[in-house]
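Pulled from TrEMBL:
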type	residues	note
DOMAIN	A:26-261	domain 'ABC transmembrane type-2'
TRANSMEM	A:27-46	transmembrane segment
TRANSMEM	A:58-83	transmembrane segment
TRANSMEM	A:104-132	transmembrane segment
TRANSMEM	A:138-162	transmembrane segment
TRANSMEM	A:174-193	transmembrane segment
TRANSMEM	A:239-258	transmembrane segment
Amino acid sequence: MSRSSVARLGLSRAVFETRMFLRERDAVIFTFSLPIVLLAIFGAIFSGSVAGTGVSVAQLYVAGLIGSAAMTGFQNLGIGIAIDRDDGTLKRLAGTPLPRSSYFVGKALHTLFLSLCQVALLLVIGMLAFGLDLPTRVSAWVTFCWVFVLGVLASALLGVAASSLPRSGRSASAVIAMPFVVLQFVSGVFIPVSQLPAWLVNVASVFPLKWMCQGFRSVFIGDAGAALEVAGSYELDRVALVLGAWVIGGLVLCLLTFRWKSRRDG
Amino acid sequence: MFHRSWVPRKPYKADAWGMETAVKARGLTKRYGDVRAVGGIDLDIHAGEVFAILGPNGAGKSTTVEILEGHRTRDAGEVSVLGVDPGRPTRGWRARIGIVLQTANDMTEATVGETVRHFAGYYPAPRDPDEVIERVGLTENVNRRVRQLSGGQRRRLDVALGVIGDPELLFLDEPTTGFDPEARRRFWELIRDLAGQGTTIVLTTHYLDEAEALASRVAVVAGGRIVAEGEPATLGGRASAKARVSWSEGGERRALETETPTGTVIELTRRFDGEVPDLTVTRPTLEETYLRLVTLPEVTP
């Protein structure tokens, strides 16, 4: 099997899945409106700027919610693959000559598409409604790109691994949503990390979302906000280290735990 | 893209077993914990035939078929499917078999046409998607979403996906469960059509009439073993079993079990000097034979 056919079929899977997703209009509307609604609510509740800095609260939330958007893959794949396992998709595919890696390439591209759309929407709404200024330095965009790519990859792999946890497709959204919401609360998406107790920050530091948000804050808030960080700086080297470790760890976890069959299939 | 058109395929080349054998199994065994699901099954399915596996729920027929499909591992035994061990499936081998699973409710938002065309892309030499859709009778539904299809239409889509790769061997697992009688007849036509093109078909079913209508040979599985195997007409000594001759005489229904029904009828004809009132001659139906076979005393493991 050539590498090109894995890529070609992966792309074909991505187009097929994305097309099916876009047709579930209710899912589309809620997927894309959730971060915007959250941004609107938080922007309305906590207006103004953080005391002692020129950082607006909206900027903080845009950066945090972009972190969430980049982690969509965790939820999307965790639930999506559990459903695929339950409704017969995985078994049907396993019976065809489709390379197994093409299935994952398809999922990855589909997830990347969803994350990119959400991030673009957040940036546009942030600029139009909350006076967000896009960074002009090239170095900030370089940071954005690597944080985004590493973050999406780490979250997607974690999602693939987590998809084996739910006992059935029906229970998947409950099982996967809980850790995702908790992570968002302790990782600085909804509540600034500086206001969290130290032990909670330590717990969050184990997972990728805290580091993704930190990386995005460095991009969208810049030096003015560094003083708000727990460490007094954005620690970009640590961001890279932790996210890189999660990509490798997530891959190992997937290889160890992934099941092509549902539990009732034995 | 070039597609194989719907023409009869060339006969098989003899495989490593030296015969035109599509499926060969010897001593196939599978346990789940303490439960013996398959306890030593031997199978020889010839290329080009329609072979039915009958048996009650939990008899081991789905496990057997899933091992042949490469979906399940086996504990012991020798198996060859199209000359390949299904325990070590390769992409090339997957392209030569088609599988229609028991239940599926995936891909609800794609249309029939999109789904079949998408799956065609998985195979090295697929059939023409439009032709396959026409064959399974879904041309009018080509632009409908899968979730809008009826149960029978959904099943025909499953068959379309099973044959889109132009398989030499097609597995059908209880394909007509839940069909109304007319949908079943139409489905049978489709299967006969495929068999007529030279596709080897392995079918599991609960329905005796289905096996009788479609299969050239059947195996009855009970308690993880094959308890009878043969042509539907002669299965389990059915053809040579005693016939039941019955007729009406003196306002009463009379019946006689006999090994020589022809003689009995000649005798009756003489007695009535011509037409025998309400004459019937019957052998045990496949269903009666089947029920006798699967309720035999449990074989010891």
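Just so you know, glycine gets a Cβ as well, placed from its N, Cα and C.
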Counting only residues at least 6 beyond its ends, the same-chain positions whose CB falls under 8 A of a CB in the transmembrane segment (A:104-132) are 6-7, 9-14, 16-18, 21, 31-32, 35-36, 39-40, 43, 56, 58-59, 62, 65-66, 69-70, 72-73, 76-77, 80-81, 148, 152-153, 156, 159-160, 220
Counting Cβ pairs closer than 8 Å, which of A:27-46, A:138-162, A:174-193, A:239-258 has the most of them with the transmembrane segment (A:58-83)? A:138-162
Outside the transmembrane segment (A:174-193), six or more residues from its ends: residues with CB under 8 Å to it: 38, 42, 50, 60, 64-65, 67-68, 71, 74-75, 78-79, 82, 159, 162-163, 165-166, 200-201, 203-204, 207, 209-210, 212-214, 217, 228-230
